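What TrEMBL says about this one:
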type	residues	note
DOMAIN	53-326	domain 'UvrD-like helicase ATP-binding'
BINDING	74, 75, 76, 77, 78, 79, 80, 81	ATP binding site
DOMAIN	327-599	domain 'UvrD-like helicase C-terminal'
REGION	690-752	region 'Disordered'
COMPBIAS	720-741	compositional bias 'Low complexity'
REGION	777-809	region 'Disordered'
Ligand code: ATP
Ligand code: MG
């Protein structure tokens, strides 16, 4: 199947006759009729109506809820946050609860700020009262508490600095080659989120005790310098809360506590809330078990699923009318998440219009995806349909934004990237390779030298000091050469320096992608691997992904010079755009991971990377953990693939349900040069069973990579080495286009020798899909016990036996 960047109303692989999912439309009684003027509190609801908030029946119940525990369960966009804020306003305006007695806890500082803003806009809430409400994140609440009790330790929150310190500890303990600092920090963080201190870490096997030594050294380093990281803040605050002298005044002060995004609280956070609310028990929690997306950080879905068991007298209010998304967008989201097994069953209704169907595209890869999306959104803005700020681009992993980031910068689109670190080429892992390339063009580019020292196993600081001192005596064309005369290095290291310079010299004339492969082959992969062992290797997957991303990026350039100057220009432009980042309100596109988009909404959402291996992330399909769940609660914990896949599905649900009116989903047909199928989550949502080939064990050969006897002949994308036959879909159902499926074409040379092979053919005349049959008694046959005809992976029609002529290669 040829990739096609144009948008259509169904994902590729779904027959045009398949109806689009659509949520049922809600018929809603609102406060207008439900709260007559004769009600004592009608003024409050009338004022809300004036502000265009017409609460429905369960929302009114939640807002009016007085004392005692309350669980508000709801799907995405059903007004959880709205109700939380409205109840805070109600308590103040109608029940004379002082603003300072209300504590609202939420997940991100952005959400906390937004909450304050919403409360300030509520009827009867004076600006001073809105300011007095404590709307905080768990961390900011805990920090304020620590400060109040005289803890002066400096917050040590910068990730890069934490890495540097952990690296230093590993070096001092002679463990640099055994562990990645990132992995240890994440594991430590997950451990502490459970309320345990580093002293309690296991040390049964050697690897564990080594890891523990490094973690304890890291903890001691902070303590000696009076610093605390985010986990320390929570941990220390929770310890402080065990002291009745600390707890009781807080319990007296905060007589009403409400927690948003409750599904993502971890054990420590939950414990804090329970203690604070223990006296008055006026605890309201709101959440959606379908949006638990932080289990890798210790979030426990059970807390929400079992709240009414812990608080037996809890009132449970369910909100199932979505006010955010048009019915077709909501229908897609609901269909996606409905496939999860571990969830409270619910089916949302849409308050809004039917709206436009979500649009899908299958660009050939991330580059085409990015180029097409930027062209598309520029069109939307130029036509006056949208402002930049109405648009969000959501991606699964940090490295998944490289292409779109570059396109946005190079085409001068204003954008804010949340949680963004450096430009891709300046990231810790990538920078050394780029600096080698830079040095190949200009060996005296001094700022590029430090990052090349690590891969020579030379200390950055001491090495640079030596080089600079020697340079003063005698400047060299290759300043790195000074290391070959440094008596602190061993003979083989000095020899390595010379070899490295020879390699650097040769890089400038290579194709950039080849130069990267060469560096990886000669030294870089070995260098990275030396820092990884056994159970702590989850980080490896991320590294692999980023390095493949770099090769993909480099393939676009013919010369190292062009590649390097592109990366340099990007860094420069990025610096210029930094100022936008600081202005929350600026008219700029929002670019962020799906995790960061939780709780937010946008008129128009582009969800990029909706392909197998990206979302669901490849690591959820086999035994390794995705980059952001590499922490793993215990170092030796096995990964539950089903649970991982369910969390990926929840992420897809979160992505879809951020959109109000427009939703565009792109599934690049290749990822890191390998074919990638449309995300199973999309196909499933349209009732198409994802092809067996996309199951974990055959991941590498899925779709159009016929290895062995049963590969799919369709969905061939650029660079698929063994696929010479493609079923091509030249046009699909879409506005103004008939769903014309053309005949299959032979992409290889017609003079090649050909063989006839048994295949399954689609019975739908309009669909020419075929796939090779397993005549050797392979898995499908074995599993089915018979050679059962499969369902067409493209259009879901039955398939029938046939033969096909293919090149003999
Ligand atoms: P999420 O699960 O993403 O956190 P949520 O359940 O917190 O979503 P809100 O953000 O509170 O949902 O509401 C979603 C949108 O619906 C907001 O734009 C909000 O203003 C609107 N909304 C909520 N309730 C109503 C209502 N009764 N009438 C009109 N609009 C409403
Ligand atoms: Mg919310």
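We number each residue from 1, going along the chain as drawn.
The backbone N, Cα and C atoms fix where each Cβ goes, glycine too.
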Where the C-beta lies under 6 angstroms from ligand 2, the matching binding-site residues among 74, 75, 78, 80: 80
Proximal but sequence-remote residues of the same chain as residue 76 (ATP binding site) (Cβ under 8 Å, at least 6 apart): 288, 290, 291, 322, 324, 325, 333, 348, 653, 654, 657
Additional residues around ATP, ordered along the sequence, whose Cβ is within 8 Å of the centroid of 74, 75, 76, 77, 78, 79, 80, 81: 82, 288, 319, 322, 323, 324
Candidates near ligand 1 among the binding-site residues 75, 76, 81, judged by a Cβ under 6 angstroms: 76, 81
Site with most surrounding Cβ atoms, counting all protein chains shown within 10 Å, from the binding-site residues 75, 79: 75
Cβ neighbour count within 10 Å of residue 81 (ATP binding site): 21
Integer mean pLDDT for the domain 'UvrD-like helicase C-terminal' (327-599): 87
Under 8 Å by Cβ from residue 74 (ATP binding site), same chain, sequence gap 6 or more: 80, 286, 287, 288, 318, 319, 320
Binding-site residues listed as 77, 78, 80, least Cβ neighbours within 10 Å: 80
Assigned element (helix, strand, coil) containing residue 74 (ATP binding site), judged by DSSP: strand
